[in-house]
Amino acid sequence: MVCGGFTCSKNALCSLNVVYMLVGLLLIGVAAWGKGFGLVSSIHIIGGVIAVGVFLLLIAIVGLIGAIHHHQVLLFFYMVILFIVFLFQFGVSCSCLAMNRGQQETLLNSTWGMLENKTKTDLESQLNCCGLLNSTSTHFQFEQDLLNCPALCKKNTSCFTCGDKMLNHATEALKILGGVGLFFSFTEILGVWLAVRYRNQKDPRANPSAFL
């Protein structure tokens, strides 16, 4: 059987979905570990990571069952959902790679405003900084954060802002995030191609008259 036949397509699709299942379980495990050890206290962050892990796990299970049983309906929904995820992830990854410093500051400000106070103080303690950015538009918020800041550097004369520390590494982090996102987005389009190919192939062990 040449690689490109029914069996090879089936095995490749099954292997890809097993990898997706492992990644989904890893995301759930890392989120639970981070919560258990107190690394991240925000229920929104933990819930978001777990939701992504569960979603990826469910998609992988649908794809795996569809591949094993050559189920036409499951394979159709699998490739449609995976293609939508590919479009979204590809767009986000390209945005990460193209984001400049001004856009990074805007993103940080909007994200910081949505965080709970407990999450902010956790970040300030871990990064040893106070507040996000001391700019004209965010000065009032910065003063409030400075009052609640638990960082050790507060005992000294001055502290670096968390925004400055984050922005120093943001470009590199966004490049890594965008690169990893692009890599996984191409594995998703590979999964769509394999699903389309496998769905239209005939099972050699099936009844020839049953193939539509």
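Cβ atoms here come from the backbone N, Cα and C positions, even for glycine.
Because TrEMBL annotations are produced automatically, they should be read as predictions rather than curated entries.
Residues or ranges marked as disulfide bond in TrEMBL: CYS129-CYS162, CYS130-CYS149. Residues or ranges marked as transmembrane segment by TrEMBL: 12-33, 45-68, 75-100, 176-196.
If you measure from the Cα atom of CYS149 (disulfide bond) to that of CYS129 (disulfide bond), you get 8 Å.
Fewest Cβ neighbours within 10 Å among the disulfide-bonded residues CYS129, CYS149, CYS162: this applies to CYS149. Around CYS130 (disulfide bond), the same-chain residues six or more apart in sequence whose CB sits under 8 Å from its CB are GLU124, ASP145, LEU146, CYS149, ALA151, CYS153, LYS154, CYS159, PHE160, THR161, CYS162, listed in sequence order. Beyond its flanks by at least six residues, the transmembrane segment (12-33) meets 39, 46, 49-50, 52-57, 59-61, 63-64, 67-68, 187, 190-191, 194-195, 198 of its own chain at Cβ-Cβ distances under 8 Å. Within the chain, the transmembrane segment (176-196) has long-range Cβ neighbours (under 8 A, six or more residues past its boundaries) at 9, 12-13, 16-17, 19-20, 63, 66-67, 75, 78-79, 82-83, 85-86, 89-90, 92-97.
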